[in-house]
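S.K.: This structure is in structure tokens; I'll ask about it shortly.
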Amino acid sequence: MAGGSFAYLRVELGDFMAFVAAGNILLEYCIGGAAVARAWTSYFATLLNHQPSDFRIHASGLDANYSELDPIAVVVIALVCIFAVVSTKGTSRFNYVLSIVHIAVIIFIIVAGLTKADAANMRDFMPFGVRGIFSASAVLFFAYIGFDAVSTMAEETKNPARDIPIGLVGAMTLTTALYCVLAVTLCLMQPYSSIDADAPFSVAFSARGMDWAKYIVAFGALKGMTTVLLVSAVGQARYLTHIARTHMMPPWLAQVHPRTGTPVNATVVMLVATAIIAFFTNLNILSNLLSISTLFIFMLVAVALLVRRYYVAGETTVVNRNKLAACIVAILATSVATATCWGVNVNGWVPYAVTVPAWFVSTVCLWAFVPQARAPKLWGVPLVPWLPSASIAINVFLLGSIDSKSFMRFGIWTAALLVYYLFVGLHASYDTAKALAAESAIAKVEDGDGDGKPARGAVHNGEY
């Protein structure tokens, strides 16, 4: 569906949860774009044999996390905004060309990097232990928000029911494989303690005596990040447009330019917000906050999938509905309990010996005692309820690896969303739904005989 996660959650969990999710999805896009734009500055500096700080302005009067002002990131976002506003087709073609170049550079990095591989760099394989792995995994979800952007393009796809799932699964499989190979290559080239946070591959090639290669890598990275920014610009504008159509956001954000066919207002608003964040905010703050939003959305989608498979309004009995609700609550509660024990660093295995089996029993109860009410028509998630239940548990568990300050920022943003929804979005969406219902009732009367019954010979939904 064209609205991606927002539209899916709105159908299955209602307007309130959809709006909270939508706010976090938009935050994901803004933060993701801002982080990529700041990384763009880092690789641009490498290409010119400079440090990233050489192109940033240090504002000593601001907090340390917001004092490295990045004007280049703002300029890059502004150029991307202009390109995204002018033409969606032009953006897609430009992305296609850039993607080919980017894949060529990735292959070069892997092949050239492995020629400088040193297995000794992998001896200290887990320097930060198991907690380090899960902390890195939580931040790694930073890379997966782009896949949701694919689902926002359903309106511009010829056969979305077939093409969108194929595109998503294919892209995720290829991207995950490349990420793993690139990570192994980087760790074989340099000890983990020497990896540069701003431009890791360029610095790694330079350290291994291949200064000429760092320019190819930096150029390819700039190409790749430009592609990411363009895809993000198109995706986030489509999301905001879809939300505005429901009147949860101002309707003028849903306006599409008659000549270019692009949502100009939504594109400009989103990229202005992205540019402001990119100008001030440190990359570490962005990555952690982004990961919280992403994991939260993934968890909600897994819950929505369970609701879709097990509940159909007017068909599911009250008993089965209550059993479904109890099982979902139990799955969420046990997952949160496990994540909390991990997050507060509880010593020993006893708490996990209680929470993990409790999660398993909750899933067994859902599988054994609640009948599925709906089967997928074309594409469907396998192993329901096990796979979505595991998704809930894993996403919530990874949230327990993120620092408390990031959760505070996430809480402030969510509170602001709730205030807006209660005072503005709720009333606007209710008025719109009421107006649509009135229009529908009028249409039925006009098509019928005055009492709502179809007139003789009238056609309704293709039936006589």
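From the backbone N, Cα and C atoms, a Cβ is placed for every residue, glycine too.
I grabbed these lines from TrEMBL:
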| type | residues | note |
| --- | --- | --- |
| DOMAIN | 379-429 | domain 'Cationic amino acid transporter C-terminal' |
| TRANSMEM | 69-87 | transmembrane segment |
| TRANSMEM | 94-114 | transmembrane segment |
| TRANSMEM | 126-147 | transmembrane segment |
| TRANSMEM | 168-192 | transmembrane segment |
| TRANSMEM | 212-241 | transmembrane segment |
| TRANSMEM | 262-283 | transmembrane segment |
| TRANSMEM | 289-312 | transmembrane segment |
| TRANSMEM | 324-345 | transmembrane segment |
| TRANSMEM | 351-371 | transmembrane segment |
| TRANSMEM | 378-398 | transmembrane segment |
| TRANSMEM | 410-430 | transmembrane segment |
S.K.: On the 0 to 100 pLDDT scale, where does the domain 'Cationic amino acid transporter C-terminal' (379-429) sit on average?
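M.R.: That region's mean pLDDT is 87.
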S.K.: For the domain 'Cationic amino acid transporter C-terminal' (379-429), how many residues does DSSP put in helix, in strand and in coil?
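M.R.: Taking the domain 'Cationic amino acid transporter C-terminal' (379-429) as a whole: 40 helix, 0 strand, 11 coil.
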S.K.: Restricting to the same chain and to residues at least six past its boundaries, which positions have a Cβ under 8 Å from a Cβ of the transmembrane segment (69-87)?
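M.R.: Same-chain contacts beyond the ends: 33-34, 37-38, 40-41, 44, 55-59, 94, 226, 229-230, 233-234, 237, 257, 260-262, 264, 267-268, 271-272, 274-275, 278-280.
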S.K.: So what's near the transmembrane segment (94-114) in sequence-distant terms, Cβ-Cβ under 8 Å and 6+ beyond its ends?
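M.R.: Result: 83, 178, 181-182, 185-186, 188-189, 201, 204-205, 210, 213, 216-217, 219-221, 223-224, 226-227, 230-231.
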S.K.: What else in the chain is close to the transmembrane segment (378-398), if you only count residues 6 or more beyond its ends and a Cβ gap under 8 Å?
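M.R.: Distant contacts of the transmembrane segment (378-398): 134, 137-138, 141, 161-162, 165, 291, 295-296, 298-299, 302-303, 305-306, 309-310, 327, 331-332, 334-336, 338-339, 342, 359, 362-363, 366-367, 372.
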